[in-house]
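For reference, Swiss-Prot lists these features for the protein:
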- Gly8, Phe9, Ser10, Gly11, Ser12, Gly13, Lys14, Ser15: ATP binding site (BINDING)
- Asp60, Ala61, Arg62, Asn63: GTP binding site (BINDING)
Amino acid sequence: MRLIIVSGFSGSGKSIALDTLEDCGYYCIDNLPAPLIEPFLQQAIASRSSAFDKIAIGIDARNQSANLTGFPDILGRARQLGVDCRILFLQAEPETLLKRFSETRRKHPLTDASVPLAEAIELERHLLEPVLSRADLHIDTTYTTIHQLRELVRQRVGIPSGGLMSLCLQSFGFKHGVPMDTDFVFDARCLPNPHWTASLRPKTGKDPEVVAFLAESADVHDYLNHLTAFLERWIPCFLAENRSYLNVSIGCTGGQHRSVYLVEALAGRLNSDRYNLLVRHRELPEPAEESHGTK
């Protein structure tokens, strides 16, 4: 039996994660009081029903504070039953959560007449710390769309698209923070920066003028060759380990030019029938993720 406990901050996408798992054949329960996890699992095991082979349970700040404080013991007892337990935790920057609640006009579960939204978000972070500190699967949804989140959930829990490993190439800007959900981070800030050419500043690494600017640099050429060689050498090893996903992030200062160019160039070089290739440009406007499929 496999159990995925889905937790995270309100507004971070927990409902979407549970819906995705349900679509993938998981028996899903949202907002189950934490002390009921163990008796539910005992009953599921006793039933010997294949319907309970894969279970997903949503646990969040709607649980009583005492239940969340005792979560580590509850998790330990669940594992003593022989259940393969994983914790998937979704989070986002406070500013993003504030914006999402403002746009949807939904009520945060911890707000009331005396607790404003910003304070409720901070309180929730404190309440969920016992769950967050034990999570082994993390997704930061600050910059993700619903489509991207669904794919990330499938990656994290081991349901790759089409039965293949998902390889995600992601560009980002260091000034906006390093992605939390990545396996490799490469720093491209040492390369020539199109930002300092006035005519290129408003463009991105997808535009022909920026592509031409970077393509004629020997340093960019060498960087790309070495990065390609590294990934071509080690991707087969990850495939041999039956990994369901591999996330590679390339960053420059703002995530507009160099990192975008490198990700696009890598995608053209690495396309393979051995994995499902996804491209994501975190700092660019939508559409921000593309499936390059196989060839």
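In case you wondered, yes, glycine gets a Cβ from its N, Cα and C as well.
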Can you tell which of Ser10, Ser12, Ser15 has the least company, meaning the fewest other C-beta atoms within 10 angstroms of its C-beta, among these binding-site residues?
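Relative to the other binding-site residues in Ser10, Ser12, Ser15, Ser15 has the fewest Cβ atoms within 10 Å.
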List only the single closest residue to Lys14 (ATP binding site), chosen from the binding-site residues Asp60, Ala61, Arg62, Asn63 by CA-CA distance.
Asp60
Please list, in sequence order, every residue of the chain apart from Asp60, Ala61, Arg62, Asn63 whose Cβ lies within 8 Å of the Cβ centroid of the GTP site.
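So the additional residues around the site are Asn31, Ile59, Leu68, Pro109, Leu127, Leu128.
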Within the chain of Asp60 (GTP binding site), which residues six or more apart in sequence place their C-beta under 8 angstroms from its C-beta?
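Asp60 (GTP binding site) has long-range Cβ partners Ser7, Gly8, Ser10, Lys14, Asn31, Pro109, Leu128.
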For Asn63 (GTP binding site) and Gly11 (ATP binding site), what Cα-Cα distance in Å is obtained after rounding to a whole number?
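Cα-Cα distance, Asn63 (GTP binding site) to Gly11 (ATP binding site): 16 Å.
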Counting Cβ neighbours within 10 Å across all chains shown, tell me which of the binding-site residues Lys14, Arg62 comes out on top.
Lys14
Using only C-alpha positions, which one of Phe9, Gly11, Ser12, Gly13, Ser15 is spatially nearest Ala61 (GTP binding site)? These are the binding-site residues in the record.
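Ranked by Cα distance from Ala61 (GTP binding site), first place goes to Phe9.
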Counting every protein chain present, what is the number of Cβ atoms, excluding its own, within 10 Å of the Cβ of Gly8 (ATP binding site)?
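If we count other Cβ atoms within 10 Å of Gly8 (ATP binding site), we arrive at 27.
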Counting across all protein chains shown, how many other Cβ atoms sit within 10 Å of the Cβ of Ala61 (GTP binding site)?
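Looking across every protein chain shown, the total is 24.
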Taking just the CA atoms, what is the gap between Arg62 (GTP binding site) and Gly13 (ATP binding site) in Å?
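Answer for this pair: 15 Å between alpha carbons.
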According to DSSP, which of helix, strand or coil covers Lys14 (ATP binding site)?
helix
